[in-house]
Amino acid sequence: MKEFDTIAAVATPVGEGGISIIRISGDKSLDIVSSIFKGKNDRTLDDIKPYSMRYGFIIEKESKEMIDEVLVSYMKGPRSFTAEDTLEINCHGGVIPTKKILKELIKSGARLAEPGEFTKRAFLNGRIDLSQAEAVIDIIRSKTDLSMKSALKQAEGTLSKEINSIRNRMIKIIAHIEATVDYPEDDLEEITGQKIKVDLKEIINKIDNLISASEEGKILREGLNTVIVGKPNVGKSSLLNALINENKAIVTEIPGTTRDVIEEYINIDGIPTKIVDTAGIRETEDVVEKIGVEKSKEKIDEADLVIFMLDLSKKIDEEDIEIMDFIKNKKYIVLLNKLDLNKDLNEENHFIKELDSKYIIKTSVKNNSGLNELKECIKNLFFSGEIKSDELTVTNARHQEALIRSRESCIQAIETLSDEISIDLASIDIRNAWKYLGEITGDTLDENIIDKIFSEFCLGK
């Protein structure tokens, strides 16, 4: 375990609430808290047992005045989150008492923790690996039950075990190659080369299984970025309101009412989906509306999915065709809206035939008709079959990239062996593949990148 100074931070959101928790970790944490704690009947923390709590007060050292009534819990390292001696002070959930207690801890010898420093210490002290540490922030940011369960599995080390299993197999192959080079025999090298190719193909298959679910995993982690587009007044804002079941966007008969981008998250069978309502795309001389149209186009570029809305009560025009041309390279669903007006758009229309989407849905957003079909289409576009929370899913783009690079190195090793080049050259590619997988767990990752990952965490975590 590494040696560090003692750090402190507020672990709960700032503001009014039932309680606030101030976390302190390091070898001097018990001494520091003891110096400002006064228990009932002048009891101290000298005899506090690990994994227990003690009632008392935090006292300002200089004035000897009481700051707040508290409960102090003590977790002795290495059996704590950071693998260090850790204390948590539970005080009343107000801004003033929380700040005053933290200030007193700093005055008594603790240092204000950096964002993510508690989790970083858990990683550096060997209690968790980097993929497990990243899962902590995924749990905090999860937007659906399914995304939380996926993050919890990663936090438990499910991904780490699979990665370590593959890396151990790679090390055995490298050792086999080195033994062959050290004790060369004409027929031994050929046999070893053939065996290594078989092993590498099995490893690639395992990596492929992880990569295949990574796009779905990325959506579970980051959400499905879904943008609603169409001309003004086709029902985009009404669709947003219907999907989130709230009157978030202003709906009027006046075209061009929505001039800015409105974003909300919804849960579609466990899939966190960000719904983005955009300004209607059309030619306009209105300066503000024109800015809104440009923002709409930017959001389309960023989208995972586009919902293209057409008005069943009106004929297709040049503006519809221009929008279609703009989204043709995206995944999209077409909504033929305003079915309730009974003015059915001619589905034999050449434009409708040209729509490159198997998902064309007639809807009446006003009457909530077709919304369930829309949600089912969204799920089917990105997920094959039922999404199961017990399956191992790669959710992090960094992990996906490392897997892809590792796979490429394995393929390069097979090509080297196939070209009958000296077998020890293949070990270079296999070692690179091993290194790339180690970036997922943090075993072979540059310290600056590790620092950047933890800097994205919140204070107190």
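Heads up, the Cβ atoms here are built off N, Cα and C, so glycines get one too.
Listed features, source Swiss-Prot:
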- ARG23, GLU88, ARG127, LYS461: (6S)-5-formyl-5,6,7,8-tetrahydrofolate binding site (BINDING)
- 223-383: domain 'TrmE-type G' (DOMAIN)
- ASN233, THR252, ILE254, THR257: K(+) binding site (BINDING)
- 233-238, 252-258, 277-280: GTP binding site (BINDING)
- SER237, THR258: Mg(2+) binding site (BINDING)
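Where Swiss-Prot records a feature, it is marked here on the structure.
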residue: ARG23; record: (6S)-5-formyl-5,6,7,8-tetrahydrofolate binding site; Cβ contacts under 8 Å, 6 or more apart: ALA8, ALA9, VAL10, ALA11, THR86, LEU87, GLU88, ALA113, PHE118, GLY460
residue: ARG127; record: (6S)-5-formyl-5,6,7,8-tetrahydrofolate binding site; Cβ contacts under 8 Å, 6 or more apart: PRO78, PHE81, THR82, ALA83
residue: LYS461; record: (6S)-5-formyl-5,6,7,8-tetrahydrofolate binding site; Cβ contacts under 8 Å, 6 or more apart: ALA11, PRO115, GLY116, PHE118, THR119, VAL136, ILE137, ILE140
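In this structure, GLU88 ((6S)-5-formyl-5,6,7,8-tetrahydrofolate binding site) is part of a beta strand by DSSP. Looking at the residues that bind (6S)-5-formyl-5,6,7,8-tetrahydrofolate per the record, ARG23, GLU88, ARG127, LYS461, the two CA atoms farthest apart are separated by 19 Å. Residue density at SER237 (Mg(2+) binding site): 24 other Cβ atoms are found within 10 A of its Cβ, drawing on all protein chains shown.
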